[in-house]
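Visitor: First, the structure itself, so that you have it in front of you.
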Amino acid sequence: MASLTPQVSTQLAPATAPGRGGRPRRPRVWRGVVLVLAAVYFLVPLIASFVFTVKAPDQGFSLDAYGQIFSAEGFGGSLLLSLGLGVATIVLVLLLTLPAAVAVRLGAPGLRPVLEVVCTLPLVVPPITFVAGISTVLRWGPDYLASTPLYQTIIAVQNPDFPVVLVLAYVVLALPFAYRSLDAGLGAIDVRTLSEAARNLGASWPHVLLRVIIPNMRSAMASASFLTLALVLGEFTIARLLSFQTFPNWIYRISGSQAQVSVAVSVFSLLITWLLLLALSSAGARQRSGS
Amino acid sequence: MRDSRTRSKSRWAALPLLVFVVIVFGVPMLVLLGGTFTKEGTLSTANLTESLQGAYLTALAGSVKLSALVAVLGGVLGTFLAQAVVTSRFRALREAVLTASGVLANFGGVPLAFAWIATLGNSGVVTTTLGLGAHGWSLYNFWGLTLVYLYFSIPLQVLTVVPALDGLRPQWREAAQNNGASTWQFWRYVGIPVLTPALLGGVVLLFGGAFSAYATAQAMVGSTVPLVTLKIADALTGNVLIGHENVALALSLDMIVVAGLVMAVYLPLQRRSARWLR
């Protein structure tokens, strides 16, 4: 699966100031070779995928595959399901991580190592092993819990129309990214001074959080949300092994019958990720130039 | 007095997160551990033994081999690309490569497999244009997977080492040159030692990414290449003898142990590199 990675800012380049000139010409040659090879390796599959989707056996060129995406059976339903799961995951992950990140900054630095560990675990444990555990819990649950109210809960979280169990699993997967971007965002503002000033003026803690901290954290929260959304829209392992028809699972399913359409959707979904991440990096750039 | 009250109060704010992780992450992991050591209701290591034998062992070894190859190749190639970008005079090139790396490092899963199938698969555009099929080309094997995994691994390595390369101060190079060091000596005695933690850290990340990848492999090769993730998925979806369901759990535990060992290398390294590269 696509492991989401933290973004390196494209703007931090103080070390590469000019004035490194005066070096021999030789490095330029290998640099050119490396860049050309990289360009070939990374661009050819993108171009070839596009060519593959517009190549029609007899007419030569046609955009039919892209048109067929929208009329393909199951497209709307699975995309809506994935978007819904994405929104629910974002809300839950922000509700859980933001108070924790603020608490670590303000009053409980002792908790930082605990949170660091909690947010590293999902990176160490491969998603497929996580889903092996989850599916066993879901399988065993009914046997052991049949007489307790937990039984109903286990059935309810597996509702195929809106599988809450996926939201729970995705929150765990998204934790590391969400926590890191929120923690970085908190590091960029002076939380202590802001919150003490607000407290001295008589604001309650919820008020401080909602009216002082969150407005200052908008771009960090946006970046946490974008990363989470990209993760949910691309996640395949857990959804497939628990048999829920999310968007990536749908792409996989139609590939058997409509190869061109499935490649078209792949190109399309790459474009969506691209736009999401571009929005993310430009939001980050705006914040940096503003501060 | 007031301070300590705030402190104890703010600890509560982290409680929901911790409780959530204990339930949603901790319980499945405990069940995984419990299931690994249970066979037909009794405590036993039979599952674990079975998971380290025959086809399962081959799959585990195949995954480790593939991930190690991808990690080393991706690490080296990614570092060269990063160095080419960092030393370039063109700001736009640097930003374009870093943005593209951010996108491509996240480009995995099913769409990645399909993009490559459309390119170099049996009826892929490049395969048919160059007539590679006649020369026995096939994407659906170990080397094909390596080629495809590098597509998200190299960008990930670029993202990991660019900050480290930026941290190599020009003064260090100048100091070395003033003392008469050649380019080779600069890299051998200054550059590489300072970069080693970041480079190895990147390699570890690449290993982890390739090791846990499932979607790409499933969409590309099905089960023709033995990989542990594919075996686990097979066993979980019931493709296993009755009474052996828990082998999937034992295999998962094997994976976690391997991934955990590799990550254990990474964390101290990261701390060491952070000391130099501020």
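A Cβ is built for glycine as well, from the same backbone N, Cα and C atoms used for every other residue.
Automatic prediction, not curation, is the source of TrEMBL annotations.
The shown structure was predicted, so the numbers you read here are calculated from the model rather than taken from an experiment.
Below are the features listed in TrEMBL for this protein:
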type	residues	note
REGION	A:1-25	region 'Disordered'
COMPBIAS	A:1-11	compositional bias 'Polar residues'
TRANSMEM	A:33-54	transmembrane segment
TRANSMEM	A:74-102	transmembrane segment
DOMAIN	A:79-280	domain 'ABC transmembrane type-1'
TRANSMEM	A:114-142	transmembrane segment
TRANSMEM	A:162-179	transmembrane segment
TRANSMEM	A:220-239	transmembrane segment
TRANSMEM	A:259-280	transmembrane segment
Visitor: Any contact between the transmembrane segment (A:162-179) and the transmembrane segment (A:74-102)? By contact I mean 3+ C-beta pairs closer than 8 Å, pairs at least 6 apart along the chain.
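Guide: They do touch: at least three Cβ pairs between the two stretches lie under 8 Å.
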Visitor: Which residues of the same chain, at least 6 past either end of the transmembrane segment (A:220-239), have a Cβ under 8 Å from a Cβ in it?
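Guide: Distal contacts: 1-2, 4, 7, 82-83, 85-86, 89-90, 93-94, 97-98, 127-128, 130-131, 134, 166, 169-170, 173-174, 177-178, 181-182, 184-186, 188, 214, 245-249, 252, 269, 272-273, 276-277, 279-280, 283-284.
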Visitor: Against which stretches of its own chain does the transmembrane segment (A:259-280) lie, if we need a Cβ under 8 Å and a gap of at least six residues from its ends?
Guide: 7, 46, 49-50, 52-53, 65-66, 68-69, 72, 222-223, 226-227, 229-230, 233-234, 247, 251-252
Visitor: Hey, which bits of the same chain come close to the transmembrane segment (A:74-102), Cβ under 8 Å, at least six residues off its ends?
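Guide: Same-chain residues near the transmembrane segment (A:74-102) but 6 or more away: 111, 115, 162-163, 166-167, 170-171, 174-175, 178-179, 182-183, 186, 191, 209, 213-214, 217, 221, 224-225, 228-229, 232-233, 244-250, 253-254.
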